[in-house]
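Following: one structure in structure tokens, then a few remarks.
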Amino acid sequence: MILLHIEASPKGDHSYSSRLARAFLEAYKAKNPDDEIRTLNVFEHDMPAFGKAEAFAKFAPIMGEARTAEQESAWEKVKQEISYFDGADKILLSCPMWNYSIPWPLKQYIDCLVQPLETFGYDFEKMDHVGLLRNRPVQMILTRSSTMPGDYNDFQLPYLKYIFGAIGIRDVRAIVPWATTKASREEVEAYLSGFETEARQAAENF
Ligand SMILES: Cc1cc2nc3c(=O)[nH]c(=O)nc-3n(C[C@H](O)[C@H](O)[C@H](O)COP(=O)(O)O)c2cc1C
């Protein structure tokens, strides 16, 4: 089995979401020693910027048009991202909330993955997306400093659940430490250690 850890905080060792992901992975590795763990930090990953060439390449086959050489070469890189992602049997996504949503490089990564005819189709009768990737488990660890899950301004968890579902991945589990800003270091430690326990337990059943 291959587990892909998509890391969406730029804060390295100081990141709360990455720290909880490490607790998850320690427990996961102890239980599944033969599995391969791959890490992709979206802040460090060299991925297509998804600009003009990619935007035209995306719609060319739907509009019955041939891609130009520039669009074709841009599209090859997009397909490489999809192929690497699709090579994972399980996904761990650790991600802070940024302005009620997700950090911009994660959106850029999602813009590479979500493609008509590659990862989703469209059911014209139901007027809805049909995911084309095989379903697989996704563990999300989503940190925030104050936004409660389920609140009207939570555009992180509902968006991530929707967009994974749109490409066929519906087995989404989430751990949401939503009050990470505390008055003291001790309070942060106590808060995070509770979620480390939760992350280890989640790894046991992943
Ligand atoms: C640019 C930026 C925007 C943020 N926006 C929000 C927000 O909208 N709501 C919230 O509750 N916390 C927000 N936060 C706080 C982080 O989500 C919180 O500190 C989180 O625990 C950081 O996780 P990390 O240490 O893994 O990066 C923001 C932080 C940054 C840096």
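Just so it is clear, glycine is given a Cβ too, placed from its N, Cα and C backbone atoms.
In the three-state DSSP classification, SER17 (FMN binding site) falls within a helix. In sequence order, GLU7, ALA8, SER9, SER94, CYS95, PRO96, ILE141, LEU142, THR143 make up the list of same-chain residues 6 or more apart from SER17 (FMN binding site) whose Cβ falls under 8 Å from its Cβ. The FMN binding site annotation in TrEMBL covers SER9, SER15, TYR16, SER17.
Positions annotated as domain 'Flavodoxin-like fold' by TrEMBL: 3-191.
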- Message: List the residues in the vicinity of the FMN site, defined as same-chain residues other than SER9, SER15, TYR16, SER17 with C-beta within 8 angstroms of the site's C-beta centre.
- Response: LYS11, HIS14, SER18, ARG19, LEU20, ALA21, SER94, CYS95, PRO96, THR143
